[in-house]
Amino acid sequence: MADTTQTAPVVEGDKPQIQQAIQPRPLSKFQQLNKLYALPAPLRTFPLPTFVPHNPLSLFHILYVWVSQTVKPQISRFDHLYEGLFSPETRSVHVTDVRSIRGLWEQGFYGKGTLSRSEPSWLDREKTKRGNKGKSTSEDNTRKRRAERQQTKWERARKEREAIDEKLLEEAAAAVQQREELNHVVPVASTLVEEVLDTVEVKEPIQMESKSLAIVDEILEQALERVESPVLKPAKLGWAAPVGPLELLSLPNSDDGLTVACFTEDFDDKYVKRFFAAPVGPMELLALPNSLRSYEPPKLPQHTLSKLPDTNPTDFPFEHESVTLPDVKINGNGSIAPNALGINGHTQPDEIEVVGGSETNEDTIDESIHSDETTETNGTPANGSTLANSRPSTPKVKRQKSVRFSPTVEKNTFIQSEPPSPERAVVASTSVVEEPLEIKNQEHLQLTLEEAFFLSYALGAISIVDPETKAPIPNQDLFYLLRKTSYFPPQLNPALSPDDPFMMNYVVYHHYRSLGWVVRSGIKFSVDYMLYNRGPVFSHAEFGVLILPSYSDPYWTSDPFLEKLSREKQKRTWAWMSCINRVITQVKKTLILTYVDVPKPLSVQEEQDLGIDGVLSRYKVREIVMKRFAANRMRD
Amino acid sequence: MADADEDAALRSSQPQANEDTDLGDEFQDFRFLAALTAKSGGQLPKRGEKDFEPHGTKHQDGILAASREAMHDVLSYTRVHTSRQYNRAFYYGAEGLHRDDAIREDWRQDLEDDHIVLVESARGPHFKTMGKTTTGKRYPGLWLLPEEALYLVERGNLDLWWPTRSSYTGMVDEEESDKQEKPDNQEEVDEGFPMSFQAAYSMLIGQDGEKGKVSLERYTVYAHLKRMGYAVSRAPDWDLSQPGKSQSHQEELFSESPSIFSWLFGRFFTEQAIEHAVYGPLVKPGMYRSYNSIYRQVAVIPRHKPSPNPSAPAPVADDSYRVAFLLWKPSRLPTFAKSNPGLPDFRVAITDARSTHIPSLTQITSLLESTPWDPPKGKEFEGPGKINQRLKHGWRNVVLAVIDQGVISYLRLGESALGEEKLYERFDGGSNLGPKRGGGAGRGRGRGRGRGRR
Amino acid sequence: MVHSFESISEPIPISLISGKYMIFDISVVTYLRRTHHICGTLIGSIPQNPQQNIFSGLPMELMPEEAKFLVQKEVAYIVDDLAWHKQRYDTLTGDDKKKYLESLRSAGLKVRKAAQDNSKKRSEIALSRIATKKAKEKSSGEGSSGTLADPPPNTSLDDTGSVAEDSTTDSLFGGESTASRASGTPISSDKPFPVTPTTSYATSSLPQNPSHQPDPSVPLSYSLFAHLHARDYYIMPGLRFGCDYNVYPGDPLRFHSHFLATSFEWDQDIPMLDLIGGGRLGTAVKKGFLIGGEDTEADTEGEWGDNVRTFCIEWGGM
């Protein structure tokens with residue numbers, strides 16, 4: 001390998017020509033991506049041209065390149081290092097200049113992903129939003145689809161509820177009839193008949209009520225769930241949903257409490273009270289009592305019930321007098337305005353949308369599957385199919401991932417420019433009409449500690465700056481700084497433990513990076529890392545990595561205290577393992593249990609003598625692939 | 001487009017058909033058991049037949065009552081032996097009349113200690129895969145292990161008796177009348193009496209390692225696999241009270257010289273180490289012609305090298321992380337022979353979810369090393385496009401049945417080694433192409449295995 | 001439908017075999033389910049249909065939590081089954097033994113008679129079975145379509161029917177089929193069929209609490225179990241869904257579960273990843289991921305599980 005560093009010349013002549021040859025043809029989206037994400041790491045290479053046997057000229061070409069590189073050496077590292085600011089508060093390294101953000105992103109370092117998920121495109125989207133120019137962004141589409149889906153779900157829930165109500169009524173009526181037949185006492189029978197008649201009259205309005213209330217109830221329930229509300233309703237409370245047989249038996253479908261009484265009891269408790277009492281906006285949510293035990297449902301104003309029947313069938317009673325649901329608006333075609341979805345305690349609805357905007361329609365597929373599943377809870381299959389039909393057909397981004405790369409695309413290593421510039425990024429993102437809008441780009445890249453250290457220590461591609469002194473932090477200091485910072489809460493003066501969070505994470509991160517995998521945080525999938533072949537724009541992650549500590553070194557069993565300590569650290573339950581494995585299986589990935597064998601601790605002096613590479617080389621990494629084994633499908 | 005689509009949890013078009021969902025996940029409605037027996041091919045209703053929650057209709061209550069009724073009726077069944085293939089057996093375990101006291105020695109040769117149920121006359125297809133016949137005697141008897149006997153009793157194929165001293169001899173001696181008095185009247189021979197299903201459980205279920213018994217965890221897994229049609233037999237490492245025996249390293253075949261590295265990590269870099277600056281960067285400044293040369297400088301953490309013959313094998317586990325059963329697929333049964341079963345298709349270890357934690361590295365290494373070397377070889381693993389398949393298959397593998405109160409989850413554990421596949425080698429050689437492209441011309445060297453790092 | 005479970009009298013014996021709690025009597029199984037919301041797990045084969053894992057049969061294994069709950073409520077007591085059987089079988093002689101054998105004999109004769117009648121009426125039964133099947137299809141069709149039909153008629157299998165059906169059950173068993181098993185002529189024409197009784201003792205005949213067994217030892221999650229059970233939930237083991245308990249709003253025969261419940265100690269640190277995993281899994285399978293724990297400092301006057309707090313976590317899917 002030494003030879004490569006010594007020799008030098010550049011291919012100046014050849015490369016641009018190829019580029020020009022390609023330029024006139026409009027690049028496919030895929031080619032654009034390929035070009036954009038050309039470098040597998042923030043380093044360039046300068047290979048010699050290929051020797052083509054039947055073309056003697058190529059030999060001269062090679063010679064020329066070799067000579068010119070020797071005369072004028074190139075450096076694989078970029079002329080200007082990327083820059084990052086160490087941030088102890090967020091336990092990450094902030095990258096704020098556009099060049100660094102774009103460059104790092106395109107060369108496989110994605111950070112924690114704060115505002116954007118697929119690309120750092122927050123600013124573009126923000127401009128689109130404010131300027132209201134151009135088409136709606138994919139996020140908007142997703143949002144709309146979600147709202148529609150939500151509406152469909154509510155509609156279905158309402159229908160189900162109606163069917164049940166109808167059934168209850170019918171059974172009640174049947175019971176009455178039965179009793180009528182058995183019971184020849186005239187007065188009793190006649191009152192019952194009257195009650196039945198009541199039922200018939202009241203039926204219509206009551207349906208209306210349940211219809212609208214069910215919807216509101218849905219909204220509220222969702223809002224409540226989002227804030228991790230105690231969903232279990234203690235049975236003692238009068239308005240708890242009837243869950244067990246005992247409550248069910250006591251439900252008024254036997255002989256007394258028929259008709260209206262039945263519904264007031266059922267509905268005003270279960271729906272109306274919550275309808276009026278439940279909090280909607282963020283502020284109310286914050287003010288929620290922490291425990292249901294301390295929660296007193298307010299008294300239901302008796303008059304509301306009598307008013308409801310008057311409601312026009314096409315009106316939703318949200319607009320009805322005191323019933324104000326701050327962010328909830330229902331527009332004409334029945335889809336809920338986006339803000340309605342924002343009731344989850346965030347103060348910045350924008351942020352939610354940005355984070356939540358998933359732009360591919362795979363999400364849609366997923367959701368429609370979900371809704372198909374939902375029909376199992378009694379919905380008719382028709383629901384699912386209507387939904388599928390009504391789904392807007394948007395281009396399927398996922399498909400593109402399976403497209404084969406065109407071999408005619410320029411070779412990555414020939415790119416002479418510095419890392420791709422921001423302008424090029426625009427090509428790949430949604431077409432945006434540049435408006436002279438003054439929007440401050442609030443997006444920055446937060447590199448995880450492992451990413452930052454790998455960039456700095458392994459590749460030497462970033463310079464990490466101390467927030468106080470504004471001076472670059474040398475790797476030696478950075479190593480200990482990050483190890484200290486990795487504890488939560490941060491430890492002021494921790495003993496250097498060989499299994500501190502940073503070391504455990506970094507060893508694994510470095511291991512996979514050094515093999516060429518693109519490593520991203522796996523927090524969304526409840527694992528430590530996801531492994532991508534080349535990067536998330538090209539293919540889904542194939543593997544989820546779970547870091548498990550191992551203490552096989554005799555040191556860890558050398559005394560009872562250490563033995564107990566290390567045993568505790570290795571203890572994880574099967575329920576937990578099963579959960580993670582199931583999550584990973586659900587997203588069609590494979591779980592790699594990555595055991596890190598922890599060496600015995602060293603003193604600071606010993607560590608310094610070894611150097612960082614020496615310290616790292618004391619760790620050992622073992623991989624165990626875990627999959628569900630479908631015993632009944634392996635029979636043949 | 002990054003991970004947005006990856007959130008699409010169920011990307012397949014048939015969410016219910018993917019391997020994540022099992023009919024076993026749900027408690028099935030016994031009203032549909034009849035559907036299984038029906039000629040229709042045993043279609044069960046889809047998951048959606050159940051309700052979300054009780055809603056107080058009599059209709060719903062009625063269905064529930066019917067389901068309970070159906071369950072009650074199905075499980076009220078009494079095992080009556082109506083078949084011509086009636087099998088009676090006697091229990092000679094530690095709780096009753098002990099085998100070695102009751103049975104002549106030449107009738108119990110070559111038996112394991114756990115062969116404690118003697119089948120009078122073994123009829124029927126089950127004995128093709130179960131039981132052990134004593135050899136070389138005039139009256140060979142068929143002996144069952146506790147799990148085999150209990151399984152057959154549970155199926156209704158075995159009438160298990162509590163013996164007396166004259167039980168078995170009584171029958172056989174009809175022909176060996178020269179030694180004993182032939183009884184005048186069969187009625188008078190005291191052959192003992194039938195044991196109940198409950199009694200069979202209480203006698204045959206015990207702790208792991210207890211003689212003549214099987215633990216409930218192991219039995220449950222055994223029966224579960226048998227019901228699927230597998231041939232199941234005990235593995236060499238069955239007995240937890242004994243040190244493990246099966247170190248299946250194929251020393252003759254692969255006589256690589258053992259490396260000096262520890263048992264855990266096999267061989268590491270054999271070429272000379274690269275000199276690094278103490279505080280980096282690992283990639284020294286300068287010009288590089290290939291990513292290969294860049295990434296080689298970054299490799300500082302030892303990588304695992306799977307070996308058919310680990311130089312220093314892990315100690316054999318003394319706990320449940322051991323192979324308990326060997327499995328042969330049902331499709332192999334037609335040619336299956338107890339005496340010469342051939343290599344098993346799977347090896348199953350069993351652990352109790354409530355009393356054990358996930359295995360430590362030592363436990364898992366030891367478990368895997370007790371299984372044969374099974375590298376990703378063959379057509380389906382060849383080529384640079386098969387990296388993931390190779391890594392997922394691994395170099396050794398074992399099935400782990402994790403059991404929680406009778407509910408079993410099967411996991412496949414594979415010894416993998418991502419260090420065997422150096423992705424960065426694809427970064428050079430022309431275009432930096434996608435993983436699925438299959439590699440450009442002249443780059444078909446995706447398999448790093450066995451290749452030196454030069 | 002009059003069933004024997006209506007005559008069950010508490011307390012009920014629970015079989016303790018090698019540290020596991022089991023029930024062998026179907027009447028008790030049904031009774032516990034109906035009356036106490038205790039489902040256990042059926043772990044055995046179904047002799048009528050022994051080559052499948054979709055339905056399981058007796059015995060029913062109880063979680064230690066369930067056993068402890070039943071013992072605490074004085075619904076049940078625990079019998080050391082091995083000791084009981086050893087003692088019983090070692091001393092089963094003379095008249096007792098005769099009586100036992102005679103009872104099996106008469107049961108076997110009864111089945112034989114039924115089988116003979118059955119074969120006579122074979123054709124009739126075949127016809128009527130087709131009829132019942134049709135009726136069944138009709139009623140179940142109505143049930144699933146959510147129409148307002150009356151509860152479907154009793155769809156239970158009658159006992160003789162299931163015995164006769166034995167011949168078809170092995171067909172799933174590939175090469176090991178025993179086609180001649182049930183339909184063929186039995187051993188000889190006048191002897192009783194041999195019978196394997198399911199249980200060893202009648203639920204009510206055992207002396208109450210013969211030898212005191214210690215209370216089942218339960219995991220820390222017991223208070224969460226008790227808490228949920230006291231709120232009328234049905235609880236099943238949770239490993240398949242990566243949790244401690246799979247929690248149903250009603251009998252699992254009829255309902256999907258609502259919650260995946262995992263217990264934590266009151267002051268225990270819960271790793272973020274665990275919450276994400278649980279929330280994500282729960283949402284994907286349309287269940288709520290529920291965490292709960294007991295405030296051990298709080299007043300302990302009430303029932304078990306009174307001081308438990310629970311939270312439900314949903315994955316936002318963003």
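All residue numbers here begin at 1 and follow the chain in the order shown.
Heads up, the Cβ atoms here are built off N, Cα and C, so glycines get one too.
When the domain 'TSEN34 N-terminal' (C:12-81) is classified with DSSP, helix, strand and coil residues number 21 helix, 25 strand, 24 coil. What TrEMBL records for C:12-81 is domain 'TSEN34 N-terminal'.
The region 'Disordered' annotation in TrEMBL covers C:111-216.
Annotation source TrEMBL lists compositional bias 'Basic and acidic residues' at C:114-124.
Summarising the annotation, TrEMBL assigns compositional bias 'Polar residues' to C:155-188 (among others).
Marked as compositional bias 'Polar residues' by TrEMBL: C:196-214 (among others).
Per TrEMBL, domain 'tRNA intron endonuclease catalytic' is recorded for C:220-299.
Classification of C:Tyr248 (active site) by DSSP places it within a strand. The active site feature in TrEMBL is assigned to C:Tyr248 (among others).
DSSP classifies C:His256 (active site) as coil under the three-state reduction. Annotated active site per TrEMBL: C:His256 (among others), in sequence order.
In the three-state DSSP reading, C:Lys287 (active site) counts as coil. Per TrEMBL, active site is recorded for C:Lys287 (among others).
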Residue pair C:Lys287 (active site), C:His256 (active site) - Cα distance, angstrom, rounded: 9
Overall pLDDT of the domain 'TSEN34 N-terminal' (C:12-81), taken as the mean: 92
Euclidean distance between Cα atoms of C:His256 (active site) and C:Tyr248 (active site), Å: 6
Listed in sequence order, residues with CB under 8 A of C:His256 (active site) and six or more positions away: C:Tyr248, C:Lys286, C:Lys287
C:Tyr248 (active site), number of other Cβ atoms within 10 Å: 26
Surrounding CB atoms that lie within 10 Å of the CB of C:Lys287 (active site), all protein chains: 22
